[in-house]
């Protein structure tokens, strides 16, 4: 005759724990319900016998069930299909007579959330401790530090070089910026594509869309507007675009470098989250001026023009693409400005809370 064992239960947000009171039990089958969980040939309250119990869970559970049989009991772990806190274990409001709370593992919902936070804090402390160990640098940390260092050196060279030339040559330096600076700028902005990949694959915690907009937008100006038109090489607008780009990056990349080692310099943090407020809109304005100057040049030389079907004849000037790009540029400005403002607000609000 099949008997029913005593079963004790407890839960967490993602798991259900069942403790079956059977001594020296041999588990023949465990399946998440609506199927049965069967425990055979165990010594229970009524001696050596075959025991079986069935539970119809309140919500769906995952098909994988793990169990461990000891000399005193059988421990079963069932994973919930959706993370959440159940008000009870089974569908019927009146629990089965063989089922009781496992007070050794019982937690209220608030206590379970606190347990999760404590585990996360312990993991963070262990991670921080490992990072502080002498000679320990993870592959990810080393990669991010090296990338930010290279970018910082590149944009610093651009900024310092342009500043020195401005003081030495005055206005004349505005007209040969492309010829003296473009090689390093091409290198830095091509390498910036790594930031999009880092965001897309979760290497860093940042939005993919804002990063994509900034990198693609800058490279469009650099490669299409400046790089493909010889007439743009001597335009003063090149100086302003390059100078504003580099002025932002010489604060951003060292901030990320320190962040690789959980280190912060308050002055640098303030500059990283503040200098973009005037510089970023000015940079977009300079880029828009460059596009407006390039439109008549594209109309004149038909570069990148789109050929139309023979029945229509002629071609569609690339200048129409640039006119549409101007609209997208200011839309991107709004998206990125909003993103950066949220970052700044979240950063300094968090610091204020810690101070309080």
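Glycine is no exception: its Cβ is also placed from the backbone N, Cα and C atoms.
Taken straight from TrEMBL:
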DOMAIN    2-90  domain 'CS'
TRANSMEM  142-164  transmembrane segment
TRANSMEM  211-229  transmembrane segment
TRANSMEM  235-255  transmembrane segment
TRANSMEM  275-298  transmembrane segment
TRANSMEM  318-337  transmembrane segment
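Here the transmembrane segment (235-255) sits apart from the transmembrane segment (318-337); fewer than 3 CB pairs are under 8 Å, leaving out pairs fewer than 6 apart in sequence. Long-range contacts of the transmembrane segment (142-164) within the same chain, counting only residues at least 6 positions beyond its ends with a Cβ under 8 Å from a Cβ of the stretch, are 173, 177, 180-181, 184-185, 187-188, 191-192, 194, 198, 203-204, 239, 242-243, 245-247, 249-250, 253-254, 256-257, 260-261.
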